[in-house]
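A.B. asks: Got a structure for you, written out below as structure tokens; questions coming shortly.
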């Protein structure tokens with residue numbers, strides 16, 4: 001039976017308190033979805049662990065006063081708290097999920113990373129090139145999937161896997 005099959009790495013089954021329905025939560029990316037995530041561990045272009053050797057992602061970064069470098073192309077000195085940064089990130093996620101805004105336009109307007117000029121596009125990368133929490137979230141996402149808040153030394157990210 002398909003429901004008894006093992007979930008892909010990072011995924012767990014949960015019960016929604018509001019609707020009483022089962023949903024799936026990825027503790028690596030903080031993504032949640034109603035549909036059961038599909039595991040694909042035996043197709044071409046993968047490394048030995050059943051994941052692609054490289055992924056391509058875009059992101060929206062919100063820095064805060066505790067970020068490794070609390071400045072950006074948008075603001076010389078960032079003074080917002082980590083909690084305020086998380087509120088901004090959660091607001092952007094809601095706007096994207098509701099269809100009010102698209103990821104790329106929000107990234108180009110509000111990301112504290114210079115990749116904002118490329119609508120958040122970071123290009124393709126392999127393991128070992130990004131900070132570990134960012135890398136783990138990126139590789140756990142499926143193409144077209146968006147993460148929840150991802151915390152790194154740089155700040156708080158929303159990641160969209162594009163390839």
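Backbone N, Cα and C atoms are what each Cβ position is placed from, and that goes for glycine too.
The domain 'WW' annotation in Swiss-Prot covers 5-39 and rests on sequence analysis. According to Swiss-Prot, the feature region 'Disordered' maps to 33-54. For 43, 71, 108, the entry in Swiss-Prot reads phosphoserine. Residues or ranges marked as N6-acetyllysine by Swiss-Prot on the basis of a large-scale study or a structure entry: 46. For 52-163, the entry in Swiss-Prot reads domain 'PpiC'.
Give me the lay of the land around each of these features.
C.D. replies: Across the residues of the domain 'WW' (5-39), the predicted structure has a mean pLDDT of 81.
Under the DSSP three-state reduction, residue 71 (phosphoserine) is assigned to coil, being neither helix nor strand. Neighbour count (other Cβ atoms within 10 Å of the Cβ, all protein chains): 12 for residue 71 (phosphoserine).
Classification of residue 108 (phosphoserine) by DSSP places it within a helix. Sequence-distant neighbours of residue 108 (phosphoserine) (same chain, 6+ residues apart, CB-CB distance under 8 A): 116, 117, 119, 120.
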A.B. asks: Pull the DSSP breakdown for the domain 'WW' (5-39) and write it out as helix, strand, coil residue counts.
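C.D. replies: With helix first, then strand, then coil, the domain 'WW' (5-39) has 0 helix, 12 strand, 23 coil.
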A.B. asks: Can you work out which residues elsewhere in the same chain, 6+ from the ends of the domain 'WW' (5-39), have a Cβ less than 8 Å from its Cβ atoms?
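C.D. replies: Cβ under 8 Å, 6 or more out: 50, 136-137, 140-142, 145-150, 159.
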